[in-house]
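Noted in TrEMBL for the protein shown:
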type: COMPBIAS; residues: 1-12; note: compositional bias 'Basic and acidic residues'
type: REGION; residues: 1-26; note: region 'Disordered'
type: TRANSMEM; residues: 47-69; note: transmembrane segment
type: TRANSMEM; residues: 75-94; note: transmembrane segment
type: TRANSMEM; residues: 115-137; note: transmembrane segment
type: TRANSMEM; residues: 161-182; note: transmembrane segment
type: TRANSMEM; residues: 222-240; note: transmembrane segment
type: TRANSMEM; residues: 280-301; note: transmembrane segment
type: TRANSMEM; residues: 391-415; note: transmembrane segment
type: TRANSMEM; residues: 421-443; note: transmembrane segment
type: TRANSMEM; residues: 455-488; note: transmembrane segment
type: TRANSMEM; residues: 508-531; note: transmembrane segment
type: TRANSMEM; residues: 570-587; note: transmembrane segment
type: TRANSMEM; residues: 607-629; note: transmembrane segment
Amino acid sequence: MEVERSTKKDDDLNSTATRDGSTEEEVSVERIFEASHEVPPPWQNQLTIRALIVSFILSILFTFVVMKLNLTTGIVPSLNISAGLLGFFFVKTWTKILNKAGILKQPFTRQENTVIQTCVVASSGIAFSGGFGSYLFGMSDVVAKQSAEANTAMNIKNPHLGWMIGFLFIVSFLGLFSVVPLRKVMIIDFKLTYPSGTATAHLINSFHTPQGAKLAKKQVRALGKFFSFSFLWGFFQWFFTSGDNCGFANFPTFGLKAYKNKFYFDFSATYVGVGMICPYLINISLLVGSILSWGVMWPLIDAQKGKWYSAELSTSSLHGLQGYRVFIGIAMILGDGLYNFVKVLGSTIFGLYKQFKNREVLPVNDRSSPNAVTISYDDKRRTELFLKDRIPSWAAVTGYVVMAIISIITVPHIFTQLKWYHILTMYIIAPVLAFCNAYGCGLTDWSLASTYGKLAIFTIGAWAGAANGGVLAGLAACGVMMNIVSTASDLMQDFKTGYMTLASPRSMFLSQAIGTAMGCVISPCVFWLFYKAFDDFGKTGTAYPAPYALVYRNMSILGVEGFSALPKHCLMLCYIFFAAAVIVNGIRDGVGSKWARFIPLPMAMAIPFYIGGYFTIDMCVGSLILFIWRKLNKQKADAYSSAVASGLICGEGIWTLPSSILALAGVKPPICMKFLSGSTNVKVDSFLNPS
């Protein structure tokens with residue numbers, strides 16, 4: 001599984017915001033701002049040069065963070081709070097300096113803060129939806145060599161900066177145009193929750209009140225301290241990593257036997273921080289999955305070596321133990337994804353039916369209707385400004401059609417296996433799927449972008465056929481579909497944030513478009529740096545194994561060539577775990593939220609099946625720190641935990657930039673710190689010091 005932006009279950013699980021507008025708010029936020037004589041600036045003044053400069057700097061920072069997480073375990077937590085907090089800090093500092101110099105022309109507003117947050121999240125989001133840790137890198141020969149099938153030149157396309165940037169520019173903007181005409185329907189008429197967007201809006205609104213600004217400064221200070229600690233810790237660890245399996249990241253915390261089975265604490269500040277952000281249930285589910293797979297199943301299957309599969313096979317062969325690890329994990333991912341796809345689609349259809357049947361829409365113009373809904377002052381104010389700067393529907397439709405035509409013409413030149421009629425079919429269906437994803441995300445906060453991508457892998461791959469490079473066609477189709485539906489739901493989340501902070505829809509749309517354009521350049525460049533800096537990049541067991549690249553490639557192989565790659569009894573086990581994922585999800589929904597919090601999530605359990613359990617130990621340590629902190633001082637923990645976690649994630653994440661540059665320059669660490677058993681150590685000593 002990839003846990004997408006905002007710890008998304010494929011898909012966000014940690015939002016706590018309540019439905020906006022369902023009741024009269026105890027304190028009117030807009031009256032507070034009105035009392036301070038705040039007047040929202042015109043949309044042109046919300047999109048300032050300083051906002052774009054700060055967005056660009058933060059986009060580079062967050063892209064490194066997301067890329068590192070993508071290429072290690074695939075778990076990417078919500079960075080919205082960090083983006084909003086750091087955006088506030090940078091521009092507030094900027095304006096404070098200019099104000100003291102007497103040359104401040106425009107004060108810093110919450111609308112400008114919203115624009116920065118939107119731009120940064122849109123840009124760094126391309127590092128995920130661009131497939132650098134999944135479908136896009138899955139096309140490469142590095143990943144193809146680790147798979148048993150479809151290793152022909154027709155099914156391989158190695159990364160190159162030129163075609164990656166071009167491809168992302170072509171496909172990433174369609175999602176923006178696909179749902180713009182529905183913004184009023186989604187936000188005002190249907191009053192969808194969009195918990196992540198709502199939570200971000202509450203955060204930004206609080207920053208710009210006097211008390212909130214004071215707290216934000218303290219949060220930034222905490223983020224800075226732990227950012228520095230995490231960066232310096234990454235720098236310190238680098239000195240001990242001059243060879244394979246060297247350094248603190250390979251410390252056998254629970255003994256060498258446990259280390260062999262991927263159970264150890266690897267001293268990663270990044271994943272301790274991720275664990276502090278992710279809900280307890282996610283981290284416990286990861287740990288349960290680690291124990292089930294590496295503690296029970298893989299040792300039992302390994303004991304069948306020579307019976308179920310050849311004992312002569314290498315450890316990386318998909319016809320051996322590695323095949324069970326990869327394909328059983330895929331089965332759980334697909335089972336969970338299918339269940340949630342049906343569930344969210346059902347919620348979408350039922351929600352639409354209910355709203356149209358009962359006309360449960362907010363009357364904007366007809367105030368005299370006897371069935372008119374009583375709305376708060378805040379909603380009246382927000383609705384008025386949200387409808388003020390309209391984005392013409394004809395512009396959105398024209399933009400979609402023009403981008404679709406360009407894409408249909410150009411994408412087949414990048415991927416010759418993907419034909420124009422494949423792309424045309426996807427673009428006809430995509431607006432409907434984008435709407436479903438955006439609507440479902442508004443109800444549940446779950447973006448099923450990767451699930452729609454997997455559907456494209458199987459359908460387009462099978463349509464293209466094995467003889468015509470169907471594996472590569474499926475992966476490319478995944479990229480096209482995933483970018484559209486992901487961008488659509490992200491844009492609606494941002495519209496919700498803008499609605500609640502009185503940011504103009506035009507400034508929000510343009511900031512999302514600018515952020516997307518930044519991401520289409522920054523993300524490939526950052527990936528290219530990783531790709532060129534590390535010789536063992538993308539290989540199993542290395543610092544950057546890009547595990548989901550192999551998972552996505554093998555999904556495409558399954559869709560095109562069937563189950564020929566599976567070892568003995570693997571298909572039966574896949575059926576069992578596929579069914580188990582569906583059943584467990586059904587039980588979770590059946591018992592209600594009171595008991596569901598004690599039942600592990602199948603999608604989260606599937607992650608360590610292939611990767612190992614080491615990062616789950618880190619994340620559980622993060623959960624433990626937060627748990628103890630909240631027991632000691634709940635108020636302080638709630639106020640500062642996100643800032644501390646973001647500092648831990650960002651510090652070690654940004655260390656990858658200088659470490660990559662050092663690797664490109666051929667500078668190697670001076671020390672290799674390894675951990676050996678007593679008997680092995682005696683042999684090493686006798687070899688080095690013969691008597």
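Note: Cβ is positioned from N, Cα and C throughout, glycine not excepted.
Automatic prediction, not curation, is the source of TrEMBL annotations.
Outside the transmembrane segment (570-587) by six or more residues, the chain places 323-324, 327-328, 330-332, 334-336, 338-340, 343, 563, 599-600, 602-603, 606 with a CB less than 8 A from a CB of the stretch. In summary, the transmembrane segment (508-531) does not lie against the transmembrane segment (75-94): fewer than three C-beta pairs, each 6 or more positions apart in sequence, are under 8 Å. Among the stretches 75-94, 115-137, 161-182, 455-488, 607-629, the one making the largest number of Cβ pairs under 8 Å with the transmembrane segment (391-415) is 161-182. Counting same-chain residues at least six beyond the ends of the transmembrane segment (455-488), those with a Cβ under 8 angstroms from any Cβ of the stretch are 4, 122, 125, 128-131, 134-136, 138-139, 150, 154-157, 167-168, 171-176, 178-179, 341, 407, 411, 414-419, 422-423, 426, 430, 433-435, 437-438, 447-449, 512, 516, 552-553, 555-561. 47-69 is the stretch from 47-69, 161-182, 607-629 with the greatest number of Cβ pairs below 8 Å to the transmembrane segment (115-137).
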